[in-house]
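Q: Quick one: structure below, then a few questions.
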């Protein structure tokens, strides 16, 4: 079908006066059916956008073309010469030196040219059957930066399990109306186009400087998803003429919320998705460490494990911004340098636990490309985003990154009026300034430090193979134990405050088309019961959701993901009484995918926060 460029005008009331009107020329990538579905702007959910959604600069006109959507699979040599001004990356941070390429300059700049958007991949060699590319403004350089509209009241995101029927009905209606917009596949406000945002940014559709652009596995994870939910939420509110509408959050970090919220488990509802794990419905307790198969563990132990994982990921392993947000993503380096703690767990296991094992690739939630097709995705990520706020409240050195390359990184979105905008990371650090906040809920994990010890005293490291004899490790197909020397022992409180002790796994490589998880313990051997995580010796876990790494077009390598995995162990060493030891024992226990995991080396480093 030939695609045309159309400018559609939507008239709405100005916030300053109900008698005056402002006319916004809206860019739409369209076909003939789009014209018929949007020419009549008198429908109940398009004729009266919220008065809080207006801003003077939004009256600009932008031409939008759909060439990227029609040329998926085609090749344009000009697209290979992407200027590095089109990269959302930067230098600096705790992990930067390990992956840094020699560059004269690496200032973060606007999003990649959307005309370079190409095929997305479900897995190596398997293309997504439809285009994930958005409508493309003809002149990206003229797309303005987003400015927050005036607001009179914060949007308060409620815990999903406690929502009343009035709220549920409103949310169902908004989602139904968004899905109705799918009648035109190029409407940027449609449910599928909104889901495609995740697909394009996460499954290899965007290339920058000849490399895949990936918003997971790095410091881009939190800000990208915060902006993503911000616009998704505003679109829903505009479709029901309610500027106060707020997304619910899946409160999986509290025992009362450790199950699929009932509003999402009603068949026939717009919030229901059939492509979910059917054995995890009807109040089944979620496993925040899920790795693709259910464990035969009592519900009480699962909830205990969940709270233990939350404590480790929010407190023990995230004392510094670099651990929480993830590795720096410098221009010119490979994507996916390393996840932050919450992206690793519980973010990834919740995706795996929710996805449908009956589907070939774990759709919908179990794969990046399809995750946004499940309405529960946005509820899940609302709680992930809430963790950003909760983490900063813990105190200490838990604060936003100050690196300018992170702060000035940018993304591209359409707002609720179909206007294209650039957004910056620096503008999403304060949720209240963005117009939303979270209804408070207790956080029991903050007081859930594991204190039960598996063994009394120190494991005899003299009888354990040293790290130099175990690594490089070709495959983690069984539990292994090794000894490792610390860079310093008996550190003072001041020294601990100045530097964090980091257990670092270098060049962890694995098949990124498969689920992966392995657990890490200190001062225990390989006979440890890894199904019980509420032990003082449990250090943390690494997980990975199946995804795609695109290196050169369709040239894929199955073991193509290589990351640095780090665990902060200062608090852990105090709790198990190993502060004065020069050498400690470390045990790795593979849970799934270990046969495809290799590790180059392991070391302990002292790092500034």
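Placed from the backbone N, Cα and C atoms, the Cβ positions cover glycine too.
In case it helps, TrEMBL gives these features for our protein:
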- 198, 216, 225: Cu cation A binding site (BINDING)
- 347, 351, 381: Cu cation B binding site (BINDING)
- 117-133: disulfide bond (DISULFID)
- 132-199: disulfide bond (DISULFID)
- 216-233: domain 'Tyrosinase copper-binding' (DOMAIN)
- 374-385: domain 'Tyrosinase copper-binding' (DOMAIN)
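Each of the listed features needs to be described in terms of its position in the shown structure.
A: Remark: residue 225 (Cu cation A binding site) has 215, 381, 384, 385 as non-local neighbours, by Cβ distance under 8 Å and separation of at least 6 in sequence.
Cβ neighbours of residue 351 (Cu cation B binding site) (same chain, under 8 Å, six or more residues apart in sequence): 365, 366, 371, 380, 545.
Around the Cβ of residue 133 (disulfide bond), the number of neighbouring Cβ atoms within 10 Å comes to 28.
The Cβ neighbour count for residue 199 (disulfide bond), using a 10 Å radius and every protein chain shown, is 26.
Listed as Cβ neighbours of the domain 'Tyrosinase copper-binding' (216-233) (distance under 8 Å, sequence separation of 6 or more from its ends, same chain) are residues 88, 93, 155, 194, 197-198, 201-202, 245-247, 322, 325-329, 335-340, 343, 368, 378, 381-382, 384-385, 388, 401, 406, 409, 411, 413-416, 423, 425, 428, 431, 434, 436, 547, 563.
Taken together, the residues of the domain 'Tyrosinase copper-binding' (374-385) have an average pLDDT of 98.
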Q: Only counting partners 6 or more residues apart, tell me which same-chain residues put their Cβ under 8 Å from the Cβ of residue 132 (disulfide bond).
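A: Once residues fewer than 6 apart are set aside, residue 132 (disulfide bond) is near 117, 120, 196, 199, 200, 203, 205, 369.
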Q: Under 8 Å Cβ-Cβ from residue 198 (Cu cation A binding site), six or more apart in the same chain: what's there?
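A: Those within reach of residue 198 (Cu cation A binding site), by Cβ under 8 Å and sequence separation of 6 or more, are 228, 368, 369, 371, 372, 377.
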Q: Quick check on the domain 'Tyrosinase copper-binding' (374-385): DSSP residue counts for helix, strand, coil, in that order please.
A: 10 helix, 0 strand, 2 coil
Q: Is it possible to get the count of other C-beta atoms within 10 angstroms of the C-beta of residue 216 (Cu cation A binding site)?
A: 22
Q: Give the distance between the Cα atoms of residue 133 (disulfide bond) and residue 216 (Cu cation A binding site), rounded to the nearest whole Å.
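A: Residue 133 (disulfide bond) and residue 216 (Cu cation A binding site) have their Cα atoms 18 Å apart.
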Q: Determine the Cβ neighbour count for residue 347 (Cu cation B binding site): the number of other Cβ atoms within 10 Å of its Cβ.
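A: For residue 347 (Cu cation B binding site), the count of other Cβ atoms within 10 Å is 24.
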